[in-house]
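**Student:** Once you've had a glance at the structure underneath, I'll fire off some questions.
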Amino acid sequence: MGSSVEQNILVTGGAGFIGTHTVVQLLNQGFKVTIIDNLDNSVVEAVHRVRELVGPDLSTKLEFNLGDLRNKGDIEKLFSNQRFDAVIHFAGLKAVGESVGNPRRYFDNNLVGTINLYETMAKYNCKMMVFSSSATVYGQPEIVPCVEDFELQAMNPYGRTKLFLEEIARDIHAAEPEWKIILLRYFNPVGAHESGRIGEDPKGIPNNLMPYIQQVAVGRLPELNVFGHDYPTMDGSAVRDYIHVMDLADGHVAALNKLFSDSKIGCTAYNLGTGQGTSVLEMVSSFEKASGKKIPIKLCPRRAGDATAVYASTQKAEKELGWKAKYGVDEMCRDQWNWANKNPWGFQKKP
């Protein structure tokens with residue numbers, strides 16, 4: 001526990017999938033946590049389950065606020081009432097397809113919300129942030145694994161918001177060097193807390209692979225659409241770097257500790273992935289093994305803007321954050337199925 005004992009962390013989007021898992025780890029490590037979330041793509045039940053997982057004592061260190069970063073007053077209210085040592089900024093919309101159809105919604109949520117957050121942090125002299133970036137900033141990389149100093153490019157409005165927010169972070173740090181900002185580029189987060197009490201519960205039809213497979217397995221959807229079966233990969237399906245959400249959560253704690261301990265961190269990006277590529281069909285097969293369920297698939301044409309293979313180089317995070325993913329694909333599928341099996345309708349009762 002050490003120096004983190006009463007450090008107070010603001011977690012935006014803390015009721016979401018990665019947010020809840022990270023909050024559990026932060027509380028277990030002795031941090032105080034305040035969540036702000038507008039529950040646009042999450043539910044307050046997830047926060048109740050976090051309290052249940054950490055127990056009554058640690059729960060006293062967790063505060064939840066319903067609020068929206070697009071409304072500066074909501075952020076101001078938090079900062080005027082208490083001092084924050086750092087911010088972990090998860091809040092934002094994250095569906096690639098939706099961003100193409102409704103880019104203004106993405107610019108409003110992801111850009112305006114973050115700019116308001118920076119303004120308020122500056123006003124109250126809280127100048128440390130861990131930011132949720134994404135492997136989408138690599139676009140369709142010419143070579144893999146993706147290394148942090150690759151040239152960045154975005155393929156869709158969602159990716160552009162992440163890329164632009166990275167640039168904003170670099171600009172703020174260049175102008176005001178006392179800021180310390182770590183940009184975490186997530187690859188493909190999957191799995192769930194081993195208890196099966198929290199996990200990913202997207203509203204509507206999921207746009208990423210695991211919740212989709214999961215909804216087929218529990219009978220909510222008839223089959224899995226596999227987009228692209230003619231890629232130049234081992235089985236024709238696209239290859240991605242899937243990472244267990246608990247590994248990702250630990251990566252945030254490692255990043256936070258780095259902010260507190262390294263005065264020279266500046267504004268730095270780290271990949272959070274396993275460094276291993278897994279194809280969509282391999283993932284389906286691994287999930288079938290974990291769940292004992294057959295997943296019917298339908299082979300569909302490629303989606304525009306989807307890359308063939310994207311996986312991380314993880315050396316920089318290993319070396320500088322002392323962090324390395326522990327879980328493999330089998331454990332990811334095991335924990336995903338445990339969550340799905342116990343909560344076939346997510347945090348809701350069956351509708």
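Placement of Cβ uses the backbone N, Cα and C atoms for every residue, glycine included.
This is the feature table in Swiss-Prot:
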type: BINDING; residues: 8-39; note: NAD(+) binding site
type: BINDING; residues: Ser134; note: substrate binding site
type: ACT_SITE; residues: Tyr158; note: active site, proton acceptor
**Student:** Can you see whether DSSP assigns Asn28 (NAD(+) binding site) to helix, strand or coil?
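**Tutor:** Where Asn28 (NAD(+) binding site) sits, the three-state DSSP reduction gives helix.
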**Student:** Any same-chain residues 6+ apart from Ile36 (NAD(+) binding site) with CB under 8 Å of its CB? Would you list them in sequence order, or say none?
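**Tutor:** Residues satisfying the criterion: Leu10, Val11, Thr12, Gly13, Gly14, Asn65, Leu66, Gly67, Leu69, Asp74, Ile75, Leu78, Ala91.
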**Student:** Between Tyr158 (active site, proton acceptor) and Ser134 (substrate binding site), how far is it from one CA atom to the other, in Å?
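**Tutor:** Spelling it out, the Cα of Tyr158 (active site, proton acceptor) and the Cα of Ser134 (substrate binding site) are 10 Å apart.
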**Student:** Hey, does DSSP put the residue listed as 'active site, proton acceptor' in a helix, a strand, or just coil?
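**Tutor:** It is helical.
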**Student:** Would you mind reading off the Cα separation of Asn8 (NAD(+) binding site) from Ser134 (substrate binding site), to the nearest angstrom?
**Tutor:** 25
**Student:** So which one is it: of the binding-site residues Thr12, Thr20, Ser134, which has the fewest other Cβ atoms within 10 Å?
**Tutor:** Ser134
**Student:** Tell me, by DSSP, whether Gly16 (NAD(+) binding site) is helix, strand or coil?
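**Tutor:** Coil, per DSSP.
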**Student:** Measuring CA to CA, name the entry from the binding-site residues Gly16, Thr20, Val24, Asn28 that ends up nearest the residue listed as 'substrate binding site'.
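**Tutor:** Spatially nearest to the residue listed as 'substrate binding site' by Cα position is Gly16.
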**Student:** Which is it, of Asn8, Gly16, Lys32, Tyr158: the one of these recorded positions whose Cβ has the most other Cβ atoms within 10 Å?
**Tutor:** Gly16
